[in-house]
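Here's the feature list from TrEMBL:
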- 79-138: domain 'Potassium channel' (DOMAIN)
- 160-246: domain 'Potassium channel' (DOMAIN)
- N77: N-linked glycosylation site (CARBOHYD)
- 6-26: transmembrane segment (TRANSMEM)
- 86-105: transmembrane segment (TRANSMEM)
- 111-131: transmembrane segment (TRANSMEM)
- 157-177: transmembrane segment (TRANSMEM)
- 189-207: transmembrane segment (TRANSMEM)
- 219-242: transmembrane segment (TRANSMEM)
Amino acid sequence: QISWTPLLLLGYLFYLLLGAMVFQLLEKQAETHFRDQFQLEKLKFLQNYTCLDRQALEQFVQVLMEAWEKGVNPEGNSTNPSNWDFSNSFFFAGTVVTTIGYGNLSPSTVAGQIFCVFYALFGVPLNLAFLNQLGKALNAHLLTLERWVQKPGRAQVQLVIFLITGTLLFLVLPPLVFSYVEGWSYGEGFYFTFITLSTIGFGDYVVGTNPNKHYIPVYRSLTAIWIVFGLAWLALVFNVGADLMERYLQLKWHKSDLSLAEGDTTKLEDEPEQPRIHIPS
């Protein structure tokens, strides 16, 4: 039997190429527009403040970029809340062990960087073990529902209810909270929710970073706890989807092999001098 792995590899590469073409089509023109607009704004700034030259402006822009890379928001003033209070540090620790890594905040001291390496070295396996146990508990819950429901059709209904409940708790309702607290649109909140729980973590949207807003101290800590349970649920959904996709590909490939085998059997039956081959169903 021919392995279906090469087919999966070709499909995977095609999916990446398709994504690259679509993202290029959607984003490249907007990037060019924003770049030209930014250059125009710099020219206007130099025209309004003739005491500055272009080199001085570029140096100031570099200072802003370095501040942003160090986790300091250039907006506001020195009264902005610290990025390293306990609540924010707890949130950062969660992004490390869950491998989300937004990229908007990172340790700047050598001691902090070394500690982050060893913290992740032990924390990531611990997080995976915890999510694995949490996933087993969710699976056991599903199996209990299937055993509780005697009729086969009812088990699928319970599974659908489970998936819908998780979708509401982790994907649909949280964007409403983030939209209210952060001032985002619902689409932006939903985008942040999925990008976070899938551990993609671009860092373009991060909760609790707006210097013009006052957040309750436990806001980011509660968000970190929501992330952990949301990760377990979405990982279970991804695993189910991957399992269904794998079974579908194997089934299609197996049917193709059976069709070829049945064709060979028919050909052999038309030639009496050849021995008959029985293909089991």
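Here the Cβ of each residue, glycine as well, is placed from N, Cα and C on the backbone.
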By DSSP, what is the split of the domain 'Potassium channel' (160-246) into helix, strand and coil residues?
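Summed by class, the stretch gives 62 helix, 0 strand, 25 coil.
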On average, what pLDDT score does this prediction assign to the domain 'Potassium channel' (160-246)?
89
